[in-house]
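For reference, the structure is listed below as C-alpha cells.
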Protein chains: 2
Amino acid sequence: MKPIQVGLLGIGTVGSGVYDVLRRNQTEIQRRAGRGIAIAAVADLDLERARAIVGDSVPVLADARAVIARPEIDIVVELIGGIGVARTLVLEAIAAGKHVVTANKALLAVHGTEIFQAAQQRGVMVAFEAAVAGGIPIIKALREGLTANRIQWVAGIINGTTNFILSEMRDKGLDFGIALAQAQQLGYAEADPRNDIEGIDAAHKATILSAIAFGIPVQFERAHVEGITRLAATDFKYAEQLGYRIKLLGIAKRQASGIELRVHPCLVPAKRLLANVEGAMNAVMVQGDAVGTTLYYGKGAGSEPTASAVIADLVDVTRLHTADPQNRVPHLAFQPDALSELPILPMSAVQTSYYLRLCVADQAGVLAQVTGILAAAQISIDAVLQREAEQGAAQTELIILTHQTREGAMDAALAQMQALPTVLEPIVRIRKEELA
Amino acid sequence: MKPIQVGLLGIGTVGSGVYDVLRRNQTEIQRRAGRGIAIAAVADLDLERARAIVGDSVPVLADARAVIARPEIDIVVELIGGIGVARTLVLEAIAAGKHVVTANKALLAVHGTEIFQAAQQRGVMVAFEAAVAGGIPIIKALREGLTANRIQWVAGIINGTTNFILSEMRDKGLDFGIALAQAQQLGYAEADPRNDIEGIDAAHKATILSAIAFGIPVQFERAHVEGITRLAATDFKYAEQLGYRIKLLGIAKRQASGIELRVHPCLVPAKRLLANVEGAMNAVMVQGDAVGTTLYYGKGAGSEPTASAVIADLVDVTRLHTADPQNRVPHLAFQPDALSELPILPMSAVQTSYYLRLCVADQAGVLAQVTGILAAAQISIDAVLQREAEQGAAQTELIILTHQTREGAMDAALAQMQALPTVLEPIVRIRKEELA
C-alpha cells in the first residue's frame, strides 16, 4: 500500500526530529502501522535550513497553505506554534478534510473548542499527544488507558525548564535569578523565559489535561496561573527540613461543585516519586477511583522525545483514518455531546493545605497571635517551625504548615496576619499537596 | 444504541471488580465509549457467590461454554486463570467470533502464538491490558504510545508480592522466610506462593512485554526465571552501603544478536525512581531510541486496579469492533506478518554487571587471588568492599561490584573463585542493572 502522505508545517527542533526518526525507524514503524508514513512536503519560512535537513527528496515550500492544499496530503502536522497563524492553518487543514497532528498546547488550550468542533463536523481527527509532557504518552493513558475510571485528580510536573531551575535551586541553594541565568546558559531556558517561568506553558498543558480527565471544554482563561519567580532559596531549605520538596505543579482536581484548575509552586512530600523527578524531566500523576494512583514519567521536551509523540499520533491516524468517525476516540476523551458543565472553580474555592513563612518580631506572644488568627478561621495547624532569633537580631522566622482549608479562608487569615504589627515582611505562602 | 454485551467467565476478585466498576461508573464510561457496556451473563462454578455479587439482574451459569454460545454476547471476558480450561474457552470464544478480553498472563505467555493466530484468522480482537502490571496502561503505552521508537529495553517491577517482601526485607532487616510469612499473614502472598516468589508470574509478564516491545513471538520457555528465595538480609545491607536497592526485575533487552529475556533479583541504583517503588506497587521502565527513558507506575494487582485495565480493553473493543480488522492495533504491536526472528539469547550471552559476596579466609593474598581471576577473565571491577574480620574470626566478607561483562565469562570466573581454598562458602551473585 502507498505510504500515508504527511505535510509538515514547520521544520525546527521538533520538525527535524520527526523527519529524522521517521527516516531512521521507518522499517520498525511500518512493521507496526502496517503502512509506511512519508513526509510528502515541508513548509518553512527558512527554506535554506529546511532544505539542509530534508535534502532534495522532499519539496520545501515557504507557503504552508500550498502544502495543505496538495491533494495527496492525508495528514497535516502543525509544528509552527503560537495561536495566530497556527490557528488559521489548522482550521484550513480541517476544512480541506485533512487530519491534523499538532504539538501546539497554547493553540489547543485557547482555541481547542473551536478546533475540535470543526474537526468533528468535518469528520477528521486532531491528535495532540505531543502537546503535553513531550514523549510521555499521557494523553493516550488518560483518553484510552483509564476509561474505566472516574478521575479524581491529575497533578504533574509538566514544564521541564522550571523543574530544572527548581532542582538547581534545591541542590545548590541558589536563588531564583541565578538559577534562571544558569538554565539560560545551558539552553534549558529561553532568552525570553516568561512563558515557562510564569507558569503559562504549564497552564496550557494543565488545561488540556483537565479537559480530557473530566470531560469539560478547554478553559485556559479560567486557570489560576502562578510561576516560580518569587521562590527563595530559604524556602527550599525549610521545605527540606519538613520533609518536602518544592515543585511547580499543574493540577486539575474534581470537587463536588466543580473543577480546580491551577498551576503554582507546591510543597510535595519528599518520599513521593513525583518529588524525586529531577532536572528537565516531566511526570504526571493520575488518581482514578478504580485504578488508584498511577504515574507517567519521561522527557517532556526536546526534538526526538516530542517527535516520538508526534509519530505515535501519525501511526494512530494511519490506523484509524478509514474507520467510522463515530468509533474513533473522541478528541477530549468524552463524546462531544457528553461534555460536562462542571465549572472551573474560582481560586477562593480551591481546597489545599499551606506552607507559610512569616518574618516576625522576636518577642513574646507572636506565635499566639498568629495561631489565634488561624484558629478563629478554623484552619488547623499541622506543624510549626520556629527559629531562634540570631544573636542580637530583633526578628526571626516562623514556618507554619496547615491542614487542608479553603483558599478563601486562608486569604482572609493571611490578610489579618499581615496586618499584625509583629509581622514584619510580606508573608510567603506556598501551597502544599500530599498527592496521596 | 444497545449496550455492547459482555459474557464474564469467572467472577472472583477481578471479576467482581469489573462488575462493580462497570456499574458504579456506567455514566462516565458511556460518556467516553459512546455506548453502554453491559454484563449480559456470568459463568462461575460457585453459583452462590456469583449470585451474591450480581443479584437477579444477570443470568449466572455454571457452564462457561453456554455463556460463550449465547448469540447476543459480543465480548467474552476470561478471568478464570490458568492455562488449561482457560485456553480451551478462549479458543472456543474466538471460534464463535467473539472478541476476548483476558487478564491471563500465563495463558498468553505460553499459548499466545496459537491464540493470536486464531484471533487473527477469525478477525476478532484479543485484548490483554490487565495481563501485565494491573491497572497501569503499559500494554497500550508500548503498543500505541511508543510506536515511533526502536525499543532498546524494558525493565519492570511487575510482581507486587515479591516487591512487598523485598521492601520489608530492606526496611526491617528481615530474612526471606520471615518476610514471606508476614506477607502471607497480610494477604500479600498466597498460601502457595511459588508462582510469585520463584519469579514465574513476573516471567509470564516479561515474556508478553518482550513480544510487544520487539515484535517477537511469546517464548516463555526461553525466559531465564529466578526468584527471590535465596536473598539474605545481609545483601540488602551491603547493597544499601553501595548506593543500591535490590528489586526483582523482569527485563527484556535488545542486543545485536538477539533478545535478553530474564527475571531475577537485581541491584538498582538507589536514586532511580524504579528503586523507590515500594510495597506492592508495580512500575515499568521503557527505553526507546527517540523518547529516551519513560516510566509507568501504579497498582499491579487487586480487584479494581485490574478491573480498570479490563474495562479499558472493553471500551477499546467497543470502539473498534466495527473497524476493518486490518486497521486495528496488532495483537503483538507489530503486524503478524512482520514479526522478527531475533532469537531469545541463552543466559550465557546476557550482558550485565554483578554484585558478588564472598565469604573468605582472613589471610593475606585473598583479594589478590580473587581479583586476579576476574582480571584474567577481563572482567573489570567497579568497587570493592572488604570488611575487617570480627575479632577472633578466621573469616570475613568480600563484596565486589563489577562492570558489565558476559554472563558466560562470569560463570567461568565464579567457578574458579569458588574452587579457591580461601573461599569458604558458596559465592552469592546478584546481577546489577544501571538502567540509564
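Cβ coordinates come from backbone N, Cα and C, glycine included.
Annotated features in TrEMBL:
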ACT_SITE  A:Lys205  active site, proton donor
BINDING   A:Leu9, A:Gly10, A:Ile11, A:Gly12, A:Thr13, A:Val14, A:Gly15, A:Ser16  NADP(+) binding site
BINDING   A:Lys105  NADPH binding site
BINDING   A:Glu190  L-homoserine binding site
DOMAIN    A:355-431  domain 'ACT'
Original post:
Averaged over the whole of the domain 'ACT' (A:355-431), what is the pLDDT?
Top reply: 95
Original post:
According to DSSP, does the residue listed as 'NADPH binding site' fall in a helix, a strand, or coil?
Top reply: helix
Original post:
Taking the center of the Cβ atoms of A:Leu9, A:Gly10, A:Ile11, A:Gly12, A:Thr13, A:Val14, A:Gly15, A:Ser16 at the recorded NADP(+) site, which other residues in this chain have a Cβ no more than 8 Å from that point?
Top reply: A:Leu8, A:Gly17, A:Val18, A:Asp44, A:Leu79
**OP:** Using C-alpha positions only, work out which of the recorded positions A:Lys105, A:Glu190, A:Lys205 is nearest to A:Thr13 (NADP(+) binding site).
**Re:** A:Glu190
**OP:** Would you count the other CB atoms within 10 A of the CB of A:Leu9 (NADP(+) binding site), including those on all shown protein chains?
**Re:** 26
**OP:** Please work out the helix, strand and coil residue numbers for the domain 'ACT' (A:355-431) from the DSSP assignment.
**Re:** 24 helix, 28 strand, 25 coil
Original post:
Where does A:Leu9 (NADP(+) binding site) sit in the DSSP three-state scheme?
Top reply: strand
Original post:
A:Leu9 (NADP(+) binding site) to the residue listed as 'active site, proton donor': how many Å between their Cα atoms?
Top reply: 21
**OP:** Mind checking which of A:Gly10, A:Gly12, A:Gly15 has the fewest other CB atoms within 10 A of its CB? They're the binding-site residues.
**Re:** A:Gly12
Subject >> Secondary structure at A:Ser16 (NADP(+) binding site), reduced by DSSP to three states >> reply: helix
Original post:
When you tally the Cβ atoms that lie within 10 Å of each candidate's Cβ, which of the binding-site residues (A:Thr13, A:Ser16) has the highest tally?
Top reply: A:Ser16
**OP:** Could you list the residues of the same chain, at least six apart in sequence, whose Cβ is under 8 A from the Cβ of A:Ile11 (NADP(+) binding site)?
**Re:** A:Tyr19, A:Val42, A:Asp44, A:Arg49, A:Ala50, A:Ile53, A:Val54, A:Leu79
